[in-house]
Amino acid sequence: MLEDTWEEEIWEYKSKRKPKPVHPNNCSENISESVEKSTDGKHQSKGNEKRTSENPGKTKDHKVCLAETDSQISAGSSQSSSCRDESQQSQNKETTPKKQHRTRRGKQVTPKVRPVYDGYCPSCQMPFSSLLGQTPQWHVFECLDSPPISDTECPEGLLCTSTIPSHYKKYTHILLAQSRDSKEPLGSPSDALAGLFAAAAPGSPCNLEERRSMTLKTENLRKVSDHSLLMMQYLETSQPSAEINRKNVSSPCSQTSPVPQCAEFVKRDQLVGGGSPLAEVALNSQSKSGSMGLPLPENDTDSCEISYSPLHSDEETYDIDQELDDSQQELFFTQSSKDSSLEEDGSAIFENLHGPSPKEAEGIRPTAKSLVAQARCSAPSEGSTLSDSFLLLSYTSNRLSQEDLPHTDAAFHLLSPALAVGGAASNYQTSKAKLDEPEKFLSLASSHQQQKIETSAVGNQTSLPLLTRARSKPLEKEGGKCLPLHPTQSQTRGSPRKGLGAPGANCACRNAQKRSSMPLDKPLGTSPSSPKCSPSQPSKKVMKQMDIGVFFGLPPKRQETSLRESASEGPNVSPVVSPNQKRPRLCKRKAQSSLSDLEFDAKNLNESQHSVGLSGEKRQHRRKRHKTSNSPREGPCQRRSGHLMNNPELGPVSLSKAFVRRTRGRTQRGNMNISESSGAGEVRRTCPFYKRIPGTGFTVDAFQYGEIEGCTAYFLTHFHSDHYAGLSKDFTRPVYCSEITGNLLKKKLRVQEQYIRQLPMDTECVVDSVKVVLLDANHCPGATMILFQLPNGAVILHTGDFRADPSMERSRLAGRKVHTLFLDTTYCSPEYTFPSQQEVIQFAINTAFEAVTLNPRALVVCGTYCIGKEKVFLAIADVLGSKVGMSQEKYKTLQCLNIPEVSSLITTDMCDSLVHLLPMMQINFKGLQSHLKKCGGKYDQILAFRPTGWTHSNNITSTADIIPQTRGNISIYGIPYSEHSSYLEMKRFVQWLKPQKIIPTVNVGSFRSRNTMEKYFKEWRLEAGY
């Protein structure tokens, strides 16, 4: 425990004694860093009071000092404004400044408020604002004493804004630490910004808004729309009479002084929501550069690499929705441009009004105002507080209009589509005189509540061409000053556009109906004279299961259920989730370069796709494609280039992690935990541990996972599709297998011979310093068990698919001490007790011989897979003295075995054989009746065998229990001939081998199944006494 740590700060103890009155002249002008700061601004801790009283001499009016302190605290706490769990609780307890004075003069007990600290832990990078009952010094010492649990780097990297303490124990944040060490931390208050805050005059409009903002805090942020109206009033009072010269490369501080005042108001309102981290970066960087009067460096864009859509944790999203569920806001805006036609795609509705842009002739840049407004219209609602975004963008766009082009481009990268609704505010600075034209407003439903549909999560994504197209065309007019951008397909095919979002555009904002959402069934025409407001539909509210926040005194979380819309009505604006699923993280996308429409279609054919600048015919075609692909039960990340990639083996998919899709060398992130191979286009999954050989770089039967990192040799046990899945002629890594399996790979799959390593049976070979022996697995031709002997002496046996037999006890396994056994557990349950293979083969021989003896025109049919069951039909053919007739394809497959006994008994002449082979799926009455007709009347009876272990039952413990299914002249015997070990055979093999560790390789998908098999393994050990 540190000596300077106050006990009341640790225990959050507040004395009930009357605090000493603070003289108005004793207010400190600057609050020192790393000192406890309260977000509500109504009192300091006792430690701060003591430090304040020790600094007499610095005099200032008490009210001005209080307001300044509040603004500095707000700026200092911007590091943790992306998640305001603590701030919202403290804001609910806030009072106005007048009430504060009464509290200080009276004996009323001060409400207990949890302190919020600035800064980050230098060890784990956790923000100090997330501390509960700890001081920063206390946490740092504990963090240094207890190393992190995992060495896994945080998947969000530099964009991590989590405020959950356990998150920083579960993941490391090395990249974030390096970034904060090499430059000023993102969102930290700059001295220049603080100086601009302090420079505000007492009589400035910001001081008036200061009191208004304090009044708004008492409303617990329940009416977010009031902020928008308040911003209009502020802009009317603070806008300078003469317009700022936008041609200046570096503006003096005197020209930018009104902007930090607005920023002060924004910061004091405590920006909350998904866009807050990026908003603070833009605010700090712009205000700092403005105060220094220097242009931003051109490499800021490359160094920031900030994604357009920030991610939220579940806790962050809860707090955001808690505010937004109580908000009532709709934005009305219009946009003026020359010859600009935007395609309406369901996420927002535009109406373009033709208006003159007199400043365009003067060489003035269109800036990012219209671009930001377009980005908002194409972006999904991300749960951010729209009024805060509104205020921030009015400040940012004003700064953008004064800076050189690199400034505009750098700041544009910092803007999030979630904040882009504030683009409406950007035009207030130039269209003040036209704010009284309500008939020109176009309503845009914010739809920020998260809507729910029963089964699927639809996370809308923003069309990147919408942003880049709007940026690249106006910037090209500047003659080489813009950053290199690849022109989009919409630019190539569409007509040229002129200066979207010119400064003369009319824009305004007002409140509208409560909780409304726009119907998106048809596009809105671009009429310059008669703009219309689209009707809105109220959403229905449903109460869900009580959440944990209610236990801690928070209001119950309310969630919206949107009405089901048909495909013709277009997609939902808000992401929807299943009632039983977690909320999906919003997709984040890199803002590196523009994508053409065709590239984007290949990657993102979903409901939220937006396109711009297409011709009328193309637009109609695209619209039809959207309508045919819209389905309320499909998530956006499930579509791949016009078709669905549904794989039941994927299992539950985590939507809170990054989902990487690769198309033409580009990567885009979404909300699933799988990746797609850029070459084969197949879904790639992580190779499970039971297919990796520990201590080596070997994998066994793991071709469906693509190229596995760290794998030096791929082993294939046998040629069955569930084991060689993913192996094709394009595979270029070494494949180790038996000679028969290698032949099948060459002939059937066309795998290049140079990559096939055929190993002899029962012979010790060395592969990467590991001794390898292939043993007969008694499963199908070429099937092997693989015995590995590592350089350290460890012995590992992988059985692949095998049928245990007593003859294995006389193989090279005899006398071996096996440390780890990878066991085929297909039938690892006592109910699987079927006869041995020899008994079943003998039963089939006797039955077939009897039937043919009684009826010489009887035909024997055996069902087979690609390879396997050869012992059954070869034994029957040998007894009957006949060849086995089969299809041409099956004949070629069996010829690959290079077994003389097999080659001498097979033929493609069906009429010259008494035994026929058919696919296993055709062994039914309908298929056999059809096959009998094909024989041309040569046979009048069929005796069929379906050799599979899946037909067993508890009553079949011997061949005497086998009863055929008969219909007319067709009889089908389901014989329990399995090529996998029965439970008793498996038990005998394990008890003989006595491995130290058993790893099951089949039926391991559930914890219950794995736990059950572990119990069996323990019983076997106890019985065998090892």
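Positions of Cβ are set from backbone N, Cα and C atoms, glycine also.
Annotated features in Swiss-Prot:
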BINDING   C121, C124, H139, C143  Zn(2+) binding site
COMPBIAS  98-107  compositional bias 'Basic residues'
COMPBIAS  619-628  compositional bias 'Basic residues'
MOD_RES   S574  phosphoserine
MOD_RES   S578  phosphoserine
REGION    1-189  region 'Nuclear localization region'
REGION    12-110  region 'Disordered'
REGION    474-542  region 'Disordered'
REGION    560-590  region 'Disordered'
REGION    602-651  region 'Disordered'
ZN_FING   118-148  zinc finger
Tally of DSSP helical, extended and coil residues in the zinc finger (118-148): 13 helix, 2 strand, 16 coil
Lowest local Cβ density (other Cβ within 10 Å) among binding-site residues: C124, C143: C143
Across the region 'Nuclear localization region' (1-189), average pLDDT on the 0 to 100 scale: 57
Check: same-chain CB within 8 A of Zn(2+) site center, minus C121, C124, H139, C143: P122, S123, Q125, M126, V140, E142, L144, Y168
C-beta crowding around H139 (Zn(2+) binding site), within 10 angstroms: 20
